Amino acid sequence: MTREAALLEQPVAAATAPRRRNYARHYAWFVVPAAAVIVAVIIFPWLFTVYVSAFDWRLGGERRFLGLGNYEALFTDARFGWAVLRTLFYTVLAVAAPMVFGIAAALAFHRKFPLRGLARTVFILPMMATPVAVALVWTMMFHPQLGVLNWLLMQLGLPPSMWVYAADTVIPTLVLVEVWHWTPLVMLLILGGLASLPVDPYEAAKIDGASAWQAFRHITLPLLAPFIVVALIIRTIDALKAFDTIYVITQGGPGQASETINIFLYLQAFAFYNVGYASAVVVVFFAIIMALAALLLWTRSRVRFT
Amino acid sequence: MRGITRRRALQAGGSLLAAPAIVHHANAQSGFDWKRFRGERIEVSVQLSPRGTLLQQNNREFEELTGIRCGIEVVPEQQHRQKIIVEYASGRPSFDATEISLHVNKRQVGKARWNTDVKALIADASLTAPDFDFADFGAGMVQYATQSDGRMDSLPAFADYFILYYNKELLAARNVAVPTTWEEMFEAAKRLADPSKQVYGHVGRGVKNANVVLWSSYLLGTNQRDMIDANRQLITDTPEAIWAGETYKRFLRDVSPPGSIGFNWNECQTTFMQGRAAMWVDGIGFAAPLEDRTRSRVAGKVGYALVPRGPGASHHCALFGAGYAIPEASRKKGPAWLWIQWALSKQNQLKFLASGAGVPARSSPFANEAAIGASHFPREFFHTLSESAKIARAGLPEIVPVTQFRDVIGTALTNTISGADVAAELKRATAEFRPVLEQSERES
């Protein structure tokens, strides 16, 4: 902005300033209902959770003040440690795979071909399904003897798999469900980004003799970066808080092989009724999510659409 | 045979017409009246099961009998247990009567004194129907529903015994006799397996938590039988417990379908219903779906037998059960008590037995030969059931943190299916759970 332009804008700003102050003074009360709701459903439960986490409290039993005792126990609880590692492993796979397939699908669906609209619609159908219903259907398909997946493998001359019925294949199999379910979401987000890209850089690149890969690598990918980061944030938060699919299909098993933080938390709170300890898990899990979200938001702030 | 005379027909007709008046007169004398709470409304919460569904379907019958409006919710078993505990803990449960899994929640609700002692209600002639007949409830089930302090904070409703289901066709094809010991059963399972057709000799629960009841079935066959001793100390790493663990491991690893590590009862049921497993030890409640010709390929071919014996001197099968209770916080205890009386009446309990919906806590349904003869279940089923009642023993320890016990011991058992050493796993699990139990016992 030039100095002249700034001077020209000054009277306008001066004229509107009193109106803004009136607006704030007269309408501030309108914020109160929303603020009250936020306090009631977010801030109070959160503070209460922190408070409860300071007690040894099992439903139906007495409450005993422990201070930071639950946190001490948590950080020496090997089962919780494994649950954190499994959550991170699951999250990495359940974010990376849908991102790769989602970007590939978006690039494919961005091109013009016959029945493209129908194909896009079919592709996003899994996203519309209820997670619990999806999980139940997949559970039947994973059955080692009666499931359709092993039948298909055998038709192809391949050995049957144990899918979710073995400790070493359970997490990749759960990720498979996640990929099927949520790749369409990534595709939609990236497709939106692709539709908004300018065509000039591509024309210039074509004139300069750039190959399709070079155009993708040096034009499409950098321009898409903000959209990819948004998809990455949404997928990461979704994968971290994944519960319904895992609970319905494996309940954290076999053994504890797919017990993520959420499953561990659920067991502590609603199976063992150990609400004090479970509240400490919530607080720690919240801190982990906040740290990851902050990291991703910082990454997003570094990536700008240019 | 003489035909019915006109005089006799008139007498019978007269008696029939007079019956309501006689009942009304008897009720008037006792002060009992089914319509006493007419116009009130109660909420009932039961578990999703054939009996829960039947109660829901027949709800109108209760409403017409009493004039009470009854909202009945049916919630899947596991979620139901969690829901009622959370609601009890809130101090204001939404229900006036509910179902309690005695093998899971009995001690927890008893310790917190969340429920009304139904003995006082039974003793109140103005609230209890003259034909209620408390003596009809089996002594074993009454004891099962009674807390250690003598309070009976739920009325026993149903029992669930572990029995042996077998595929008659598969056993006959290989000329295999019905096993009577666990050792015989293992040998029979080996002979019955035909992996080329994906047919296995045995199927059983492998998934943690659910699998503990199969292990406890083996343990009940030892001289130790129990999981805690008289001093309420954990005894899950003794030689007997390890023997039960080894038996569990052998059955699940050597003669069960691959992937059994993740099988709960529903996978076992599907496998057995499809004719892919020759033998299955599980709760008696699965007879109904197994005999359902629209869903089961083995309907009409299922054999029923007592669980095999172990090396111990006595023979036991695992017992689980449910009771119906009234929260202390309910303001409608009277109407709720009427609902429980109706739900567990002789007629309803007979209906449940004949349809395979549940094993009643009352004794009279077993004596009703006509109803049993008319049932689509074979005599063998009812015989197994009544014989199981004689040898039944609690299949889980009566402790507050029973779900955590099942989780910890169940994980150890699941690990053995993957090849882990049984003794090491049970010792580790016992050490892990011991402080939890000790703390719980201190607080009790």
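Note that the numbers count up from 1, one per residue, in the order the chain is shown.
Keep in mind that glycine also has a Cβ here, set from the backbone N, Cα and C atoms.
Taken from TrEMBL, the feature transmembrane segment applies to A:27-48 (among others). Counting residues 6+ beyond its ends, the transmembrane segment (A:27-48) has Cβ neighbours under 8 Å at 286 in the same chain.
The domain 'ABC transmembrane type-1' annotation in TrEMBL covers A:84-294.
As annotated by TrEMBL, transmembrane segment applies to A:88-109 (among others). Non-local neighbours of the transmembrane segment (A:88-109) in the same chain are 116, 119-120, 123, 171-172, 174-175, 178-179, 182-191, 193-194, 216, 220, 224, 228, 231-232, 235-236, 238-240, 242, 258, 260; each lies 6+ residues outside the stretch with a CB under 8 Å from one of its CB atoms.
Sequence annotations record features per position, and here TrEMBL assigns transmembrane segment to A:121-141 (among others). Long-range contacts of the transmembrane segment (A:121-141) within the same chain, counting only residues at least 6 positions beyond its ends with a Cβ under 8 Å from a Cβ of the stretch, are 105, 109, 147-149, 164, 177, 180-185, 187-188, 244-245, 248-249.
Taking Cβ pairs closer than 8 Å, the transmembrane segment (A:179-199) reaches residues 94, 97-99, 101-103, 105-107, 109-110, 120, 123-127, 129, 131, 134, 220, 223-224, 226-228, 230-231, 234-235, 238, 245 in its own chain, all 6 or more past its ends. Here TrEMBL flags A:179-199 (among others) as transmembrane segment.
For A:219-237 (among others), the entry in TrEMBL reads transmembrane segment.
The transmembrane segment annotation in TrEMBL covers A:275-298 (among others).
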For the transmembrane segment (A:219-237), sequence-distant contacts whose Cβ falls under 8 Å of one of its Cβ atoms, 6 or more beyond its ends: 91, 94-95, 98-99, 102-103, 107, 182, 185-186, 189-190, 192-194, 197-198, 201-202, 205, 289, 292-293, 296-297, 299-300, 303-306
